[in-house]
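Taken verbatim from TrEMBL:
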| type | residues | note |
| --- | --- | --- |
| DOMAIN | 71-173 | domain 'FAD-binding FR-type' |
| BINDING | Arg122, Tyr124, Leu139, Lys141, Met148, Ser149 | FAD binding site |
Amino acid sequence: LQTMSGNEDDWLALKPQEPSPSQCCGSGCKPCIYDVYEKELAQWERAKAKKDKSLLMEKKEQSNNSELNPDTFTAFNISSVEQLTEDTYQYKFELLGNSSLQLSLGQHIVLRGVVNGLEVQRAYTPISPGNAEGYFEVLVKCYEAGLMSQYIKTWKKGDMVFWRGPFGGFPYRPNKYGELLMLASGTGLAPMLPILQSITDDEEDETFVTLVGCFRTFDKIYLKPLLQDLARYWNVRIFYVLSQETSLEKLPWSYQENTYIGRLAEDLMKTIINSCRRKPFVLICGSSAFNEDMNRYLKAAGIEENSCFVF
């Protein structure tokens, strides 16, 4: 039996480690890694008071049944790696027995990586439909100096990677809004895609969608074939804003009429909003600087804060 009183050192060795700031992804997850720590600490204190180590057993289990869980990390197998641009990759993960992640729209999951002995956590939004069976896909941009990027760059097909979740999300209901205006910068496209696909997959959903994708150059636009397919639907328009292209003439002609050169600034925002078929509800996803700029331009264009949602 484990009820024998271990000495003080034994108990200290079992004490949960307080998370370091790098382990918090900063996305407001419930439970946050700090919440999980508080729960484990309380559990450890109870076990220590009762001198019963068996009370700690439940926390040590890591789930391997490929079921996503907000409290514990689950291992998933990488089934394919595809490089989309020089710094952006699409990873496909296996789900056992054709199960699905059952994410609601725009929900994110948290990745755990270890770099030089330091644990790092970051949030990513799967781009695959929430009901995709047997797999899920994540779009990742790798940064030169990013800790998590150093870890992700080592991934190969067949590697095991740990995720927990889901968290957040945008409470979307078919036909709840007349028009959705999606403002996405770079990989900020990720949470928009499942929402957009749920609208095009549902014949009863007559929501108009205007997606504005902001990228540096034409080569940096991700998932062009998928976006071109979605743009064929009667209720979907897709615009591109390319900040570092010099002229539209260089682009394929099919992109020229729906692409703007420069930045998505106040004037262009007003033009796009005026071209919306109904008063839009706006979804925003990008860097914090992008999100702040968009909020400012929307305000100038007369869009209220209660008509916006930031991922």
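Cβ coordinates come from backbone N, Cα and C, glycine included.
TrEMBL entries are annotated by machine, without manual review.
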Exercise for review: Count the Cβ atoms, other than its own, that fall within 10 Å of the Cβ of Leu139 (FAD binding site), considering every protein chain shown.
Suggested key: 22
Study note, to complete from the structure: The mean pLDDT across the domain 'FAD-binding FR-type' (71-173) is 88
Exercise for review: Determine, for the FAD site, the additional residues of the same chain whose CB lies within 8 Å of the mean position of the CB atoms of Arg122, Tyr124, Leu139, Lys141, Met148, Ser149; present them in sequence order.
Suggested key: Leu111, Val138, Val140, Cys142, Gly146, Ile152, Thr187
